[in-house]
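What TrEMBL says about this one:
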DOMAIN    56-299  domain 'Pyruvate phosphate dikinase AMP/ATP-binding'
DOMAIN    303-355  domain 'Pyruvate phosphate dikinase AMP/ATP-binding'
ACT_SITE  H455  active site, tele-phosphohistidine intermediate
DOMAIN    520-869  domain 'PEP-utilising enzyme C-terminal'
BINDING   R561, R617, E744, G765, T766, N767, D768  substrate binding site
BINDING   E744, D768  Mg(2+) binding site
Amino acid sequence: MKTQFVYHFTEGHKDMRNLLGGKGANLAEMTSIGLPVPQGFTITTEACNDYYENDSMMDSEMLQEIDHALAQLEVEQGKKLGSDQDPLLVSVRSGAAFSMPGMMDTILNLGLTDTSVKGLIFSTQDERFAYDSYRRFIQMFSNVAIGIPNDKFETILDHIKNEKHYQDDTELTSLDLQEIVTEFKNVYFEETGSAFPQNPKEQLLLAIEAVFKSWNNPRAKVYRRLNDIPQTLGTAVNIQAMVFGNMGKNSGTGVAFTRNPSTGENQLFGEYLINAQGEDVVAGIRTPQSIDRLKEEMPEIYQEFINITQILEKHYQDMQDVEFTIEKGKLFMLQTRNGKRTAKAAIKIAVDQVNEGLITRKKAIRRIKPNQLEQILHPTFDPESVKESTQLTRGLPASPGAACGQVYFHADDAVKEAKCGKKVLLVRQETSPEDIEGMVSAKGIITARGGMTSHAAVVARGMGKPCVAGCTLLSVNEEKREITTGQVTIKEGEYLSIDGGNGAVYIGEIPMSTSSLDDHFKVFMSWVDEERDMGVRSNADNPRDAKQALEFGAEGIGLCRTEHMFFDEERIPLVRQMIVADNKEDRIKALEKLLPHQRDDFYQLFKALNGKSCTIRLLDPPLHEFLPQDNDSIESLALQLGISRVQLEKRIKELREFNPMLGHRGCRLAITYPEIYKMQARAIAQGAIQATKEGVKVKPEIMVPLVSIVEELRILRKLIEETVNAELEEAGITLPYTIGTMIEIPRACVTADEIAKEADFFSFGTNDLTQMGFGFSRDDAGKFLSDYTEKGIFEKDPFQVLEQKGIGRLLSMAVKLGRETKPNLKMGICGEHGGEAATVRFCYQQGLNYVSCSPFRIPIAKLAAAQAKIEKQDLNSNRNN
Ligand code: PEP
Ligand code: MG
């Protein structure tokens with residue numbers, strides 16, 4: 001069957017977003033439910049892909065379909081493109097399946113030429129309006145379709161405004177605008193060597209092509225990478241009859257959210273400008289008015305608008321972000337989409353909508369992106385320190401959260417300085433899509449211009465970065481790299497702090513405090529907990545972290561890295577004594593001194609956990625990591641240990657390894673020095689006994705790291721069992737404990753059936769499994785992995801997001817083999833991937849019993865686990881239907 005490349009708005013519906021893009025599908029949907037939408041047609045995402053497959057050419061069938069659709073639109077509108085009487089003007093907008101704010105480009109007023117501008121004057125009897133539209137079109141077209149920098153045009157505009165002492169664009173007269181049009185056309189000629197296209201059809205095709213091309217511009221690629229949007233989807237193009245918000249005082253244009261996108265409050269939230277055209281509001285060039293003012297200025301339109309937003313929210317069952325234009329007192333809807341929102345707002349809206357009966361709990365759970373929760377878990381400023389700080393200025397609270405850093409004025413600099421480890425605040429007059437990488441690198445963003453829906457605000461909110469926009473009192477000089485306000489000048493590299501929740505900008509660096517989680521969040525997480533059936537534990541190495549983890553809702557400790565206890569000031573000398581001992585006797589003496597400390601560690605941990613499971617991993621890193629490297633420290637350690645410097649250096653040399661991560665570490669240490677694990681096993685048993693005696697329930701799970709062959713585990717299991725049992729016997733106490741292993745070496749995965757014979761549980765150490773599965777050193781891969789992601793070899797860094805095809809297959813093989821030996825073998829994951837949403841989903845699908853991650857990521861892991869379960873249920877019920 002012939003592929004249909006073009007759909008009229010009357011042909012589509014909202015579920016066609018893959019083909020029509022989000023914008024196109026929703027324009028069609030709004031048309032189908034009878035809302036006032038200027039008509040038009042959508043060129044599909046398949047057409048975009050076809051264009052790329054066809055060596056960046058539109059094939060003849062596509063061109064024919066465009067012709068037909070255009071002819072149909074001309075008939076409907078009773079206007080003709082390029083007419084010298086009553087010309088049809090159109091907008092050309094991109095629209096991918098997922099909304100990508102600011103990533104793609106829009107052209108308005110297409111169809112204006114030296115001839116049709118006369119037609120527009122004729123039909124509107126408004127010369128000023130016609131030339132205003134023409135100059136806007138020349139600039140947008142030249143910039144978007146041809147790539148001529150905007151400032152070439154802005155300079156001309158500013159020059160004329162200055163010359164005439166105008167404050168505002170609205171003061172430009174028709175004659176001024178005609179002069180501007182001529183000058184703009186000259187710019188076009190100078191930049192391209194040819195005259196500005198006077199054939200509207202040619203304009204249209206160039207614009208469509210520009211949208212196709214913009215799918216692959218670097219900014220769009222970065223955005224897709226950051227938001228997990230496949231690079232292969234392609235964008236649709238929407239051609240829509242123009243309506244004008246710049247036709248005088250009874251015209252205007254605006255954007256609105258059906259609920260507050262920062263707080264989630266159920267109240268219309270938006271901005272508009274009278275006598276302005278579409279892009280003026282989002283571009284942040286003029287500061288818009290709050291939507292509430294529309295109630296006074298145009299009460300009937302306001303009421304109609306309210307009704308429409310309510311219809312849309314009910315229809316889509318979600319908060320909507322809409323664009324509208326009022327042309328001479330008539331309201332038109334130009335766009336609707338599910339509104340981007342802060343995590344805090346997302347949770348409140350989801351909970352409220354469940355309570356309002358609009359959506360189910362499951363839908364609420366599915367709607368929140370797990371990674372978005374990072375936002376609410378972000379720190380805020382310490383209130384006491386804020387009181388003592390000096391406020392530099394105040395802007396709009398564009399995206400909540402606190403941030404401080406050194407100010408940089410260009411995106412490139414922000415990227416560069418952040419790479420050097422600096423905390424950076426990006427300060428811009430206003431941001432544009434070119435700044436995206438700088439925004440990613442920055443801790444927060446400040447802009448001097450722009451409203452709550454400006455580029456900076458929308459993008460920062462999506463990223464969960466604090467942003468203060470529209471600081472109109474700041475004079476930002478990007479060239480001189482400084483900000484001035486009154487007498488104060490802040491230069492590049494100096495510190496500022498911002499509170500995106502209230503719009504304050506402070507001088508200097510303000511300390512942060514942890515976030516407090518509100519009631520909506522608690523309710524939401526309780527629903528998540530009800531839904532979820534996979535456990536979520538935390539990685540924690542001490543009682544303090546364990547308590548924090550429990551506060552975040554951890555169901556136990558999935559990994560306690562005992563070596564972290566060794567770095568304590570009091571213990572490190574004892575650890576070093578143990579390491580430098582060159583005979584067993586001396587080593588045991590040192591270990592005896594460490595024992596009470598470790599016993600207390602475990603006792604405290606058990607108490608903090610109060611009956612929850614606790615996986616304690618025995619010593620893992622290579623011993624030399626505990627020894628000093630520089631001369632001064634070696635000197636003082638030798639003194640401390642009462643041995644000669646030469647002796648100590650000799651021992652350090654002996655311990656040095658070429659590849660320590662593949663060397664004498666993990667269970668291999670205990671094969672050589674069983675006394676180390678023996679001391680740790682005793683400490684665990686004694687700590688557990690002490691806690692039990694005090695009535696605290698304990699559930700130690702003793703874990704052996706880096707096992708590659710079952711014999712290692714067999715030997716060490718015996719050692720641990722004998723040691724623990726002896727302690728329990730002596731104390732006359734019985735308590736449940738288990739002995740398991742980490743699975744983090746490929747050989748362990750492929751022989752997991754054998755290893756399972758000696759293990760009560762498996763915990764996947766996916767950091768090492770990734771290292772050893774790929775043969776990428778964990779310590780060195782950072783230097784070259786970015787080349788892999790840039791070249792598209794990896795979508796994501798495999799140390800952050802589990803690489804499922806290879807490393808995931810190893811994991812899945814181990815699960816299968818392990819459970820062939822022991823069908824109920826408990827399994828979890830404790831590598832860094834355990835708090836990463838896509839990995840959690842994968843682990844659920846593989847049948848793991850729990851994931852374990854850092855305390856701050858627990859809610860994320862829980863949500864991902866609940867979503868994975870709902871997804872499975874949905875899949876099963878679809879199968880059964
Ligand atoms: C792992 O390898 O995934 C793990 C959890 O252990 P570590 O990071 O301590 O090597
Ligand atoms: Mg490991």
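Cβ atoms here come from the backbone N, Cα and C positions, even for glycine.
Curation does not apply to TrEMBL; its annotations are automatic.
Long-range Cβ proximity for R561 (substrate binding site), meaning a same-chain Cβ under 8 A and a gap of 6 or more residues, is found for N539, D541, R617, D620. E744, N767 are the recorded positions among H455, R617, E744, N767 whose C-beta comes within less than 6 Å of an atom of ligand 1, given in sequence order. Cα of H455 (active site, tele-phosphohistidine intermediate) to Cα of N767 (substrate binding site): a span of 37 Å. In the vicinity of ligand 2, defined as a Cβ distance under 6 Å, the following of the recorded positions H455, R561, R617, E744, T766, D768 are placed: E744, D768. Confidence in the domain 'Pyruvate phosphate dikinase AMP/ATP-binding' (303-355), given as mean pLDDT, stands at 95. In this structure, H455 (active site, tele-phosphohistidine intermediate) is part of a helix by DSSP. Taking DSSP states H, G and I as helix and E and B as strand, the domain 'Pyruvate phosphate dikinase AMP/ATP-binding' (303-355) has 27 helix, 17 strand, 9 coil. Look at the Cβ of each of the recorded positions H455, R617 and count the other Cβ atoms within 10 Å; the largest number goes with R617.
Using the Cβ center of R561, R617, E744, G765, T766, N767, D768 for substrate, the list of other same-chain residues with Cβ within 8 Å runs, in sequence order, L559, D620, P705, M742, S763, F764, L769, C830, G831.
Same-chain residues at least 6 positions away in sequence with a Cβ under 8 Å from that of D768 (substrate binding site) are, in sequence order, M661, L706, M742, E744, I745, R778, G831. With respect to Cβ neighbours within 10 Å, the binding-site residues T766, N767 differ, and N767 shows the lowest count.
When every Cα pair among R561, R617, E744, G765, T766, N767, D768 is compared, the largest distance found for this substrate site is 15 Å. The Cβ of G765 (substrate binding site) lies under 8 Å from the Cβ of P705, L706, M742, I743, E744, C830, G831, each on the same chain and at least six residues away in sequence.
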